[in-house]
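**Student:** Under the heading domain 'Tetrahydrofolate dehydrogenase/cyclohydrolase catalytic', TrEMBL lists 6-120. The domain 'Tetrahydrofolate dehydrogenase/cyclohydrolase NAD(P)-binding' annotation in TrEMBL covers 139-281. Residues or ranges marked as NADP(+) binding site by TrEMBL: Gly165, Arg166, Ser167, Ile231.
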Amino acid sequence: MTAQIIDGKALAEELRQSFKARVETLTAKGHQPGLVVILVGEDPASQVYVKNKVNGCLAIGMHSEKIVYDKDVDQQVVLDKIAELNADPSIHGILVQLPLPRHFDEEKVLEAISAEKDVDGFHAENVGALSQGSPRFIPCTPYGVMKMFEKGNVDLSGQEAVVIGRSNIVGKPMAMLLINAGATVTVCHSKTRDLKFHTRRADIVVAAVGKPKFVTGDMIKPGAVVIDVGINRLPDGKLCGDVDFDDCLAVAGQITPVPGGVGPMTITMLLANTIEAAERKAGIR
Ligand SMILES: Nc1nc(=O)c2c([nH]1)NC[C@@H]1CN(c3ccc(C(=O)N[C@@H](CCC(=O)O)C(=O)O)cc3)C=[N+]21
Ligand SMILES: [Mg+2]
């Protein structure tokens with residue numbers, strides 16, 4: 001048996017094409033969607049992601065700009081910029097690229113972003129709305145994964161789902177979305193005693209651990225859907241996920257690749273959230 005591959009890159013492109021008309025309508029009404037990405041420091045991987053985000057916006061007619069600060073910048077400078085962007089009617093989405101340098105209070109920075117412009121969905125108000133089952137902005141990576149389930153015709157209701165990783169960015173919101181969709185959800189993490197016991201009985205496994213090729217074929221139930229959220233840079237410069245793709249390919253029913261899986265979908269859902277923010281402001285939804 002060979003798993004069906006869920007092509008995130010193709011789905012991302014399909015969705016981005018469908019966004020163009022919405023952007024055009026908004027622009028004609030004087031509400032061209034605008035996203036600002038704030039980057040602190042010069043981490044090369046972050047620079048690539050930020051460039052992909054800005055270019056993804058521009059390619060479908062949105063406005064986008066990045067603001068780059070030196071890694072030693074005073075936190076107050078960033079907070080003042082966020083306040084300015086909160087008040088700027090031409091900007092609908094604000095994203096502060098994580099992680100921030102150590103002298104930053106990450107929570108304070110994220111809470112400074114207006115909840116209406118928090119296209120990452122990391123603001124406490126938006127986290128609360130999601131956990132109550134009435135999301136306003138869904139965090140981009142888990143949102144992208146949900147779209148991939150849709151594309152792969154994965155019916156989540158009643159399914160056993162295991163999320164590996166409990167981060168605020170991926171694991172927790174992913175678990176919330178799966179619960180809201182009717183799955184029975186187990187969240188595993190570094191303290192989990194017998195990980196394989198859990199993953200072996202799962203119909204759906206979402207890996208967000210940050211360890212290259214961590215999930216192997218023997219951990220997977222035959223036919224399961226395996227979603228790889230990991231982005232690990234190997235010493236040879238190659239990108240690799242948290243899933244041992246070649247090993248799981250023979251066991252899984254459906255699987256996502258890295259690159260070309262969840263990553264492109266993350267950026268696509270960032271565009272979707274920014275467009276949605278502009279539509280709300282324009283009174284379209
Ligand atoms: N506030 C904030 N929001 C984020 O959404 C956020 C963040 N901070 N910090 C970093 C992570 C990481 N992230 C990625 C997005 C796209 C790809 C992506 O497009 N990956 C391509 C490959 C890109 C490459 O070649 O490096 C792929 O998987 O095919 C990867 C990683 C968003 N993040
Ligand atoms: Mg963890």
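We count from 1, first residue shown onward.
A Cβ is built for glycine as well, from the same backbone N, Cα and C atoms used for every other residue.
Note that this is a predicted model, so its numbers are computed, not measured.
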**Student:** In sequence order, which same-chain residues at least six apart have a C-beta under 8 angstroms from Gly165 (NADP(+) binding site)?
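**Tutor:** Gly171, Val187, Cys188, His189, Val206, Ala207, Ala208, Val209, Gly210, Val229 - these are the non-local Cβ neighbours of Gly165 (NADP(+) binding site), listed in sequence order.
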**Student:** Listed binding-site residues are Gly165, Arg166, Ser167; which sit with C-beta under 6 angstroms of ligand 1?
**Tutor:** none
**Student:** Mean pLDDT for the domain 'Tetrahydrofolate dehydrogenase/cyclohydrolase catalytic' (6-120), rounded to an integer?
**Tutor:** 97
**Student:** Among Gly165, Arg166, Ser167, Ile231, recorded NADP(+) binders, what is the largest CA to CA distance in Å?
**Tutor:** 16
**Student:** Test of understanding: give the count of other CB atoms lying within 10 angstroms of the CB of Arg166 (NADP(+) binding site).
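**Tutor:** Other Cβ atoms found within 10 Å: 18.
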**Student:** I'd like the Cβ neighbour count for Ile231 (NADP(+) binding site), meaning other Cβ atoms within 10 Å of its Cβ, all protein chains included.
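**Tutor:** Excluding its own Cβ, the number within 10 Å is 21.
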**Student:** Around the C-beta of Ser167 (NADP(+) binding site), how many further C-beta atoms are within 10 angstroms, looking at every protein chain?
**Tutor:** 16
